[in-house]
Amino acid sequence: MAPSPEPGTLLGRLAYVPKADGPHVRLGILWFVGAVVACVIGPIAVAFLFASMATVSAIQTSRGWMRRGREVDWLVAAIGSAAVVLAAQLGTALAGLALLAMVAASLIAAVMAPARRDEVIARAGRTLRSGAVTAVAAASVVILARTDMGALVVLLLLVSVYEVGDYLVGTGSNLPIEGPVAGIASVLVLTFTEAVFQLGPFDAQAAWVFGGMVAVGAPLGSVVGSALAPGADVAGPALRRLDAWLITAPAWCWMLWGYLN
């Protein structure tokens with residue numbers, strides 16, 4: 001297997017190379033099946049599925065920071081993540097209020113923490129870093145489900161083929177860019193199919209626009225996921241399950257509103 005990027009460099013800090021150890025394939029298939037079932041059931045099921053994953057991601061990321069000796073209020077990150085995502089099922093404005101409440105709770109928890117070593121802003125920022133970004137992405141998925149379930153299914157398929165290409169080619173590759181390039185190629189192939197058959201609410205031109213956002217956003221999401229954690233090597237499995245959605249889901253949510261209206 002090819003060596004991973006040096007951990008002391010910026011590339012080693014942000015670049016994620018998939019590993020062959022562990023039940024990654026089985027967990028990936030299980031996640032995809034669960035997401036498809038949730039889409040069939042409806043937006044409520046999507047909300048609970050993504051809220052669960054965002055909560056686990058917040059806990060895993062918080063623990064990663066704590067293992068590095070950094071202070072973080074993991075309970076605020078976990079509860080805040082779940083609240084933001086579930087609030088999105090009730091309305092976009094309520095999700096925004098939940099996010100503001102999460103920010104306030106992070107500051108209050110940092111101020112009131114006993115024997116605090118870090119600055120208040122640093123501790124609260126790390127708490128938000130552990131949970132807020134993934135919560136916004138997961139909430140965007142819920143809003144997509146409420147807006148147009150067909151569009152969410154198309155996004156799920158595009159993200160999934162990206163992850164398959166990234167994993168199959170990227171595992172053990174010589175360069176960390178090989179996996180993302182394969183994932184992008186997979187997205188473009190599926191986008192061509194989407195444009196021909198006009199799947200979901202998209203016409204041919206819109207299919208390429210939305211597919212292009214996945215081709216750009218999914219690999220960048222992996223970099224963002226690494227930046228949220230102490231390093232690419234310690235980003236938890238739940239965060240890696242959501243990282244391809246971190247940019248694409250909010251971007252799709254924003255663009256879909258304009259496209260449908």
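Note that Cβ sites are derived from N, Cα and C of the backbone, with glycine treated the same way.
A TrEMBL annotation is a machine prediction, not a hand-curated record.
Because the structure is a prediction, the values reported are computed rather than measured.
The list of residues near the transmembrane segment (29-51) in space but at least 6 beyond its ends in sequence, with Cβ under 8 angstroms from a Cβ of it, reads 81-82, 85-86, 88-89, 138-139, 141-142, 145-146, 149, 152-153, 156, 160, 241-242. Annotation comment: TrEMBL describes 29-51 (among others) as transmembrane segment.
Long-range contacts of the transmembrane segment (72-91) within the same chain, counting only residues at least 6 positions beyond its ends with a Cβ under 8 Å from a Cβ of the stretch, are 43-44, 47-48, 50-52, 54-55, 57-59, 61-63, 65-66, 97-99, 101-102, 105-106, 109-110, 113, 123-124, 126-128, 130-132, 134-136, 138-140, 142-143, 146. Taken from TrEMBL, the feature transmembrane segment covers 72-91 (among others).
Residues annotated as transmembrane segment in TrEMBL: 97-115 (among others). Through the fold, the transmembrane segment (97-115) approaches residues 71, 73, 76-77, 79-81, 83-84, 87, 121, 123-125, 127-128, 131-132, 135-136, 139 of its own chain, all at least 6 residues removed from its boundaries and within a Cβ separation under 8 Å.
Residues or ranges marked as transmembrane segment by TrEMBL: 181-200 (among others).
The transmembrane segment annotation in TrEMBL covers 206-230 (among others).
Feature annotation from TrEMBL assigns transmembrane segment to 242-260 (among others).
Counting only same-chain residues 6+ beyond the ends of the transmembrane segment (181-200), those with a CB under 8 A from a CB of the stretch are 148, 150-151, 153-154, 157-158, 161-166, 168-170, 207-208, 211-212, 214-215, 218-219.
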